[in-house]
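> If you scroll down you'll find the structure; I have some questions about it.
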Amino acid sequence: MANIIAYEFFRNALLGGLLVSILCAMVGTYVVTRRMVIVGGGMAHASLGGVGLGAYLGFSPLLGAALFAVFSGYSIDFLSRRNVREDAAIAMLWTLGMSLGILFAYLTPGFMTDLPSYLFGNILFITREDLWLLLLLVVAVGLFFGLLLTPIVTIAYDRDFAVTQGLPVRWIEALMILFMALTLVVSLRMVGIVLVISLLSVPQQTAAIFCRTFRSMMLCAGLFAFSGIVCGLWASALWDLPGGACITICMILQYGLCRFIKAIKTRKIS
């Protein structure tokens, strides 16, 4: 492991993992608290349409993914407020994005061979440009949470109460959908479209086992996310396995271990 750290691509992967952990700790805690994990899954999978469109028209597939993720997020919100069941809206946008992505990828000569890299990701391919983009988004989301943490927490736990208090609920929700979409897209490099929602949900669920406040949950979620990424990277390098799958499995094993420890402690107390 010490020899691997000497390589720049591995150091970039670790730094990228740290930045993504911080980002997902903030956004993911809101997502889990608001019970929007499936919405995030729909946005992530719909972004495949943007990947295919970008490849077909000759611009950045990640830019296309961002546009589709933002569009799908706002579309789900729009439809669910107009007598359309939220799960049905998610299913429609989810399958539409996936279908368009496959169609555009098929129509783009040679792109079908590149498609797995977007579906499953590879954290070792993170570049300096990706790191700067991640850092910029971490700063933007950090400032947003730092300035509006109390309203964000209020909306996350009780939206109706936040409305009665005159908080800017719609504006904050709109910005959170935007940040969700961007977080999902910048995380694609690590675990891909198929597994990216794990970064926004599993560490937060693990943190919720021990934490009772929004702030402590964010902190612990960041720690669990980064430790899962490091363990996944180590397993990937040691056994030459796909990094995204290893990271997700490590985070879920963390969750199972923490549930087991919590159950033992609860039995001892009782």
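Indices start at 1 and increase along the chain as displayed.
Cβ from N, Cα, C; glycine included.
What TrEMBL records for this protein is below:
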type	residues	note
TRANSMEM	12-32	transmembrane segment
TRANSMEM	53-76	transmembrane segment
TRANSMEM	88-111	transmembrane segment
TRANSMEM	131-157	transmembrane segment
TRANSMEM	177-202	transmembrane segment
TRANSMEM	214-235	transmembrane segment
TRANSMEM	241-261	transmembrane segment
> Look over the recorded stretches 12-32, 53-76, 88-111 and say which has the most C-beta pairs under 8 A to the transmembrane segment (177-202).
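Answer is 12-32, with the largest number of Cβ pairs below 8 Å.
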> Would you kindly check 12-32, 53-76, 131-157, 241-261 and say which stretch has the most C-beta pairs under 8 angstroms to the transmembrane segment (214-235)?
12-32
> I need to check the long-range neighbours of the transmembrane segment (12-32): which residues 6 or more away from its ends have a CB within less than 8 Å of a CB in the stretch?
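Sequence-remote neighbours of the transmembrane segment (12-32) are 5, 39-40, 123-124, 126-128, 130-131, 134-135, 137-138, 141-142, 145, 152, 156, 176, 179-180, 183, 186-187, 189-190, 199-201, 203-205, 207-208, 214, 217-219, 221-223, 225-226, 229-230, 233, 243.
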> Could you give the residue numbers and ranges of same-chain residues that sit at least 6 residues beyond the transmembrane segment (131-157) on either side and whose C-beta is under 8 angstroms from one of its C-beta atoms?
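Hits for the transmembrane segment (131-157): 12, 15-16, 19-20, 22-23, 26-27, 29-30, 33-34, 165, 167-169, 172-173, 175-176, 179, 182-183, 186, 214-215.
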